[in-house]
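A quick write-up on the structure given underneath.
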Amino acid sequence: MAILPLYCLTTLLQNVPGLAYVNRFLVAPVFLLALASLFRARINKWYYMAIAVLSAVSVIACAFTQWNSYAVVQAPRGIFCIVLVICFCARFDSYRAICQQNTRYFQAIAFLWTVLVAISIPLPSSWSIQWGGSPYFVSYVDSAFQLMPTAMIVMALNIICTVQGQRKIVGFVLSLVPLYAGLQGGSRTYFVLIVAMFFALLLTMRLTKFERRVLIVVVAAAILVSFSSSGIAEKLLNVTSEQQRAIAGSGVLGTFTSGRSDFWLIDIQAFFDLPLWQQFVGNGYSFSYNVNAAGIGNAVFAHNDFINLLMESGYIGLCIYLSVMISFFVAAKRKAVSKSQITLLVFIWFFNAFSNSFYPYVSSVIAFCLTGVAFSLSAVKHREENGR
């Protein structure tokens, strides 16, 4: 658990010579430690069964995979995500205790990330000309899809520290850099998610209604004022241009997904062209890449968890994934997490899973799990304050 927050730093600095390997190989010990913690603890037998079935489906997927660099990277992501989420489901109380004992450590990580990213803002190397020809803020990494998930981890750490007694003003200030990164990064999905996590922070601040409304108005006004010159504004202009509408070609959904819905149709058709028996186990980790390379001339995965898992691991893999995610929300609810916080958790997961992809991004999974624990901490604090 204590290793997980470090991902926001190792990912942010992965272009520093030597640190790229640290970031990649950190997944293996975390995965093994997560498995070990499950087998040491007394947990619901259903979780063991889910891991066993998922392992079997993963082996079958490997057998169908045409191995290349894409497939090697993609293969461990699904099982890592599911095992990590199961760990949090089964050991909510343990992870909550770790957060309570390591608040200063989490605060130091969030502060260091914030300082490093803030320093990088004026650097020309932190702005990358990408899709649509506009400059997007990427800090020390290569794209917003590497930077934004780390910002989500920092927001989650910020929520934990605020629940644990961090001053409200500190929590607010530390949230400004992730918000700026989301606004200038050019990823609409992550911008929405970071704003959602900012509202999650507000829910844990124990503000009065007046204070909360004032803060929301101030932040909303600041975002609107800076929006016209932001990477998000440029992205919206590009995606709604005549050229991009022609590329997206499938109406509102095509525009919203930057044309991804076009190759989603190709992916779904390829999946249903498989024999019925193979639809239950999928066609391996290279299937989506190969289909999209042939269909649109670009070897990319589906950027949609539900389609991607169907193609990789079939109905069985998708059912396990959905069951584990639902279990997480149920476990959070049992820890007295409020309905509004549960709704935010579901939104953070589903919006990401549908419009970009959740499980392939390790930092996104970590941020989501930490946010769930933060909400559980908030519920405990609320009970203590009310003497229950």
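Each residue, glycine too, has its Cβ placed from N, Cα and C.
Automated prediction, rather than curation, is the source of TrEMBL annotations.
Annotated features in TrEMBL:
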type	residues	note
TRANSMEM	20-39	transmembrane segment
TRANSMEM	46-67	transmembrane segment
TRANSMEM	73-93	transmembrane segment
TRANSMEM	105-123	transmembrane segment
TRANSMEM	143-161	transmembrane segment
TRANSMEM	168-183	transmembrane segment
DOMAIN	179-322	domain 'O-antigen ligase-related'
TRANSMEM	189-207	transmembrane segment
TRANSMEM	214-233	transmembrane segment
TRANSMEM	314-332	transmembrane segment
TRANSMEM	339-355	transmembrane segment
TRANSMEM	361-380	transmembrane segment
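For the domain 'O-antigen ligase-related' (179-322), the predicted model reports an average pLDDT of 78. When the stretches 46-67, 73-93, 143-161, 189-207, 314-332 are ranked by Cβ pairs under 8 Å to the transmembrane segment (20-39), first place goes to 73-93.
By the Cβ criterion (distance under 8 Å, sequence gap of 6 or more), the transmembrane segment (105-123) is counted as touching the transmembrane segment (168-183), at least 3 such pairs being found. Comparison of 46-67, 168-183, 189-207 by number of C-beta pairs under 8 angstroms to the transmembrane segment (143-161) places 189-207 first. Highest Cβ contact count with the transmembrane segment (361-380) among the listed stretches 46-67, 168-183, 189-207, 314-332 falls to 189-207 (criterion: pairs under 8 Å). If one looks beyond the transmembrane segment (168-183) by at least 6 residues along the same chain, the residues whose Cβ comes under 8 Å of a Cβ in the stretch are 110-111, 114, 117-118, 121, 137, 139, 147-148, 151-152, 154-155, 158-159, 161-162, 190-191, 193-195, 197-198, 201, 205, 207, 215, 219, 223, 226-227, 230-232.
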